[in-house]
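Over in TrEMBL, the protein carries these features:
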type	residues	note
BINDING	GLY16, PRO17, SER18, GLY19, VAL20, GLY21, LYS22, ASP23	ATP binding site
DOMAIN	8-185	domain 'Guanylate kinase/L-type calcium channel beta subunit'
Amino acid sequence: MSEGGTVPGRLIAVVGPSGVGKDSLMEALCAKRPDLVRVRRVVTRAPEAGGEDFEAISPALFAARAAGGDFALHWQAHGLSYGIPREVHQTLARGQDALANLSRAMLGQAARVFPGLHVLHVTARPEVLAARLAGRGREGRAEIARRLARPAPAFPAGLTVTEIDNSGPLERAVDAALSALYPERV
Ligand SMILES: Nc1ncnc2c1ncn2[C@@H]1O[C@H](COP(=O)(O)OP(=O)(O)O)[C@@H](O)[C@H]1O
Ligand SMILES: O=P(O)(O)OC[C@H]1O[C@H](OP(=O)(O)OP(=O)(O)O)[C@H](O)[C@@H]1O
């Protein structure tokens with residue numbers, strides 16, 4: 001319980017390889033459960049890149065904000081820096097669940113920072129991933145090849161993890177995620 005007697009919300013980490021459908025799944029989950037709060041990440045990516053709604057900042061500003069303690073978690077991948085604004089702690093303290101796209105390599109640290117962490121591990125067959133990345137159009141061919149070749153980081157033991165196969169229709173993945181997160185409502 002938090003100070004006011006409210007049961008804290010959970011951080012729900014959506015992880016998996018590039019192109020698997022993490023952003024699509026998060027958007028669909030929030031549409032079905034308006035009480036879910038989607039974390040808006042801070043990323044050193046060009047603002048016009050498209051895809052998720054994120055706060056675009058320069059590498060220098062990112063480094064300054066990280067040094068100033070602005071992020072609950074931050075990491076680097078694909079030549080970019082990503083941050084989860086520390087305000088997510090207030091969301092959780094209000095009793096709301098929050099959804100965030102995290103790096104698989106950050107899950108050990110995330111479990112220490114967010115005690116109620118629940119991981120949705122999204123998977124899809126390799127040929128499905130390649131087709132989706134090409135279809136999304138945010139990265140060029142070389143970057144797509146790099147993303148597909150990236151080895152999957154190992155998960156630390158002891159996490160609450162739900163495997164979600166998103167090789168088929170998105171709706172099936174959404175139902176599987178909601179059943180795992182809110183079993184009492186199914
Ligand atoms: N179940 C699905 N069926 C068909 N297309 C999908 C499905 N899930 C995601 N997509 C599409 O695949 C592409 C990559 O999805 P995205 O959500 O951006 O993945 P990620 O955030 O994991 O990189 C997008 O163009 C998206 O519309
Ligand atoms: O350590 P990994 O689990 O491989 O993850 C590394 C990064 O890849 C994804 O980035 P991003 O959202 O920019 O790319 P994506 O939408 O193509 O997955 C994910 O959100 C992490 O930031």
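Using N, Cα and C of the backbone, Cβ positions are placed for all residues, glycine too.
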* To do: Just name the most isolated of the binding-site residues GLY16, PRO17, GLY19, GLY21, going by other Cβ atoms within 10 Å of its Cβ.
  => PRO17
* So which of the binding-site residues PRO17, GLY19, VAL20, GLY21, LYS22, ASP23 sit close to ligand 1, that is, with a CB under 6 Å from an atom of it? -> GLY19, VAL20, GLY21, LYS22, ASP23
* To do: For ASP23 (ATP binding site), name the DSSP secondary structure in the helix/strand/coil scheme.
  => helix
* Please list, in sequence order, those binding-site residues from GLY16, SER18, VAL20, GLY21 with the Cβ less than 6 Å from ligand 2. => SER18
* To do: Would you list the other residues of this chain near ATP - those whose C-beta lies within 8 angstroms of the C-beta centroid of GLY16, PRO17, SER18, GLY19, VAL20, GLY21, LYS22, ASP23 - in sequence order?
  => VAL122, ALA124, LEU129, ARG132, ASN166
* Asked: What mean pLDDT does the predicted model reach across the domain 'Guanylate kinase/L-type calcium channel beta subunit' (8-185)?
  -> 94
* Asked: LYS22 (ATP binding site) has how many other Cβ neighbours within 10 Å of its own Cβ?
  -> 23
* **Other CB atoms, at most 10 A from the CB of ASP23 (ATP binding site)** => 16
* To do: Would you mind listing, in sequence order, the residues at least six apart from SER18 (ATP binding site) in the same chain with a Cβ closer than 8 Å to its Cβ?
  => HIS78, LEU129, LEU133, ARG147, LEU148, ARG150
* To do: Restricting to the same chain and to sequence separations of six or more, state which residues have a Cβ under 8 Å from that of VAL20 (ATP binding site).
  => VAL122, THR123, ALA124, LEU129, ARG132, ASN166
